[in-house]
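Below you'll find the structure, written out as structure tokens, and then a few comments.
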Ligand SMILES: Cc1cc2nc3c(=O)[nH]c(=O)nc-3n(C[C@H](O)[C@H](O)[C@H](O)COP(=O)(O)OP(=O)(O)OC[C@H]3O[C@@H](n4cnc5c(N)ncnc54)[C@H](O)[C@@H]3O)c2cc1C
């Protein structure tokens, strides 16, 4: 038996993936996941879940950022190929990104050499969708539907002996008693917990529709995307910086519908299922760092893992593996803090 007690704060894609990685590293530790919201109440559940980091996504430096992205791709692609891949909601999908503006919009230096296919669209493919598309790429990647992944990951964590508690954490001191280390995966919640002014919501809104004939994803200009998932197709989107509005905005809905139907006209006959809003936890750079806080004469060891913006499903496994290294360093007592 181990005397090691770890609390992971947060049960979105980042928290649960980090908790599973910690269980691999510390097989006998007592690990708790503590969160105020689960599954359909998280931002993770709003995401279409396509593996495609934005070209501006960044960790502390280029080398670490690339490591996060390649570790993450390996994790998702490995899971997809196991007997549990379908249960975990991980699939492979291909599609197009088009732009009428600039050639670099359709390039992605992070994944061009990572995914199995990433190539320029042919002249014929540039005419697949209405519009004056001048530039395009076709690529194959993975997609993780959090509607499946979050329950799958929570069950896996419980099966391996983890415990899950529903609780809103007011501050680190109030939760730290009895734990050797806290792993902070609270997404936008970290803004208050850490008083972090660099963490900003980027509001997104999507429409989930039934359109089973859509098997390919499409991205167009102005944040327009059509992404087929397991049970529905996600139509998006928007990026509203520093907006905390969590209700559906009817003007955003009309605008998304219009842009998506202009890109793929047969979506006009798609049946709407629901509309969702999520606040992407954006931070530049994403914070995966260790910290020791001193509170009432006591040391609180913390590893932060938050601020993934619009790319948390894509990169969660990569930052989780890195956060585990920081936990190991901190607990081994060789932390430079
Ligand atoms: C419209 C939209 C589309 C997106 N599409 C994609 C996509 O295709 N691909 C992609 O990679 N990403 C996408 N994203 C981004 C992705 O959803 C986020 O990056 C990701 O969900 C962040 O995960 P998280 O676990 O950090 O946060 P969350 O899912 O928000 O989880 C945070 C957890 O912390 C808990 N918490 C917070 N504060 C506290 C507290 N004080 N006490 C206790 N618990 C607390 C919450 O209850 C929750 O359990 C999209 C986002 C949006 C909004």
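Cβ coordinates are placed from backbone N, Cα and C, and glycine is handled just like the others.
For the FAD site, TrEMBL gives 43, 44, 48, 49, 50, 169, 309, 310, 311, 312, 313, 314; the one candidate out of 18, 186, 330 that the record lists there too is 186. Among the binding-site residues listed (50, 186, 225, 280, 310, 312), 50, 186, 280, 310, 312 have a CB atom closer than 6 Å to some atom of ligand 1, in sequence order. Sequence-distant contacts (6 or more apart, same chain, Cβ under 8 Å) of residue 50 (FAD binding site) comprise 93, 141, 143, 217, 227, 313, 314. Secondary structure at residue 225 (D-dopa binding site), taken from DSSP and collapsed to helix, strand or coil, is strand. Distance noted between the C-alpha atoms of residue 225 (D-dopa binding site) and residue 186 (FAD binding site) is 27 Å. For residue 280 (D-dopa binding site), the binding-site residues whose C-alpha atoms fall inside a 10 Å radius of its own C-alpha are 43, 310, 312, out of 43, 48, 186, 310, 312.
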